[in-house]
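Trainee: After the structure tokens below, expect a handful of questions from me.
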Amino acid sequence: MRIVVLVSGTGSNLQAVIDAVKAGELDVEIAAVGADKHGTYGVERSAAAGIETFVVNFKDYADRGEWNHALTQKCLSYAPDYVVSSGFMRIVGQEFIDAFDGTYINTHPALLPSFPGAHGVRDALAYGVKVTGCTVHIADAGVDTGPILAQKAVEVLPDDTEETLHERIKVEERALLIETLRRLAVQAAN
Ligand code: GRF
């Protein structure tokens, strides 16, 4: 199974996938890692791991539609079975969703459909929930919407900050992403 991974940030979830592949624990080929801006650590660490990288810089395009078209074409050029958004902080357009219909996977640091959006951890904490978690799902054109593949609950501790809670969620999020990719890879092989 071939995947393209999209990142906007540090790519620590991606690093867990890279490590699992290297350790022979995940039968997946990371065809490329792409970002929506220059200078992300996610791209840097992928290049260091010998993975092909690309940037489709949002700011280089006249509008969202043109950027979305370029991103779609770039991802299609790797003929991936799945595209994985791992901390990719841009909403893709319908052209992308149509090109990767049912094969665009997103991870989110909350138990969807609760707390979608860019601040899922902060919003859960502000609401005062005692349990939150992470979700791996097939992404559609909405913000963190689409069929759920897997979820894991994480307890909110009394003195949690956004940072401490997010770190504990990310531990589960990494494991959940790897587990889900493993399941999809087995399905793809059969
Ligand atoms: C993850 O929790 C992801 O779900 C969220 O941002 C985090 C990405 O972290 N949108 P990293 O870039 O993998 O370190």
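Each residue, glycine too, has its Cβ placed from N, Cα and C.
Automatic prediction, not curation, is the source of TrEMBL annotations.
Keep in mind that what you see is a predicted model, and the values were worked out from it rather than measured.
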Trainee: Which single residue out of R45, R64 does TrEMBL record at the (6R)-10-formyltetrahydrofolate site shared with M89, R90, I91, V92, N106?
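Mentor: According to TrEMBL, the candidate sharing the (6R)-10-formyltetrahydrofolate site with M89, R90, I91, V92, N106 is R64.
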Trainee: Going through the recorded positions R90, V92, H108 in sequence order, which have a CB under 6 Å from an atom of ligand 1?
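Mentor: So the answer is H108.
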Trainee: By a 10 A CB contact count over all chains shown, which of the recorded positions listed here is most packed: R64, R90, H108?
Mentor: H108
Trainee: By a simple count, how many Cβ atoms lie within 10 Å of the Cβ of M89 ((6R)-10-formyltetrahydrofolate binding site), its own Cβ left out?
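Mentor: I count 13 other Cβ atoms within 10 Å of it.
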Trainee: Just to confirm my parser: what is the rounded mean pLDDT across the domain 'Formyl transferase N-terminal' (1-181)?
Mentor: 97
Trainee: Filter the recorded positions R64, R90, I91, V92, D144 down to the ones within 10 angstroms of H108 (active site, proton donor), Cα to Cα, kept in sequence order.
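Mentor: Matched recorded positions: D144, sequence order.
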Trainee: Fewest other Cβ atoms within 10 Å: which of the binding-site residues I91, V92 wins that one? Let me know.
Mentor: I91
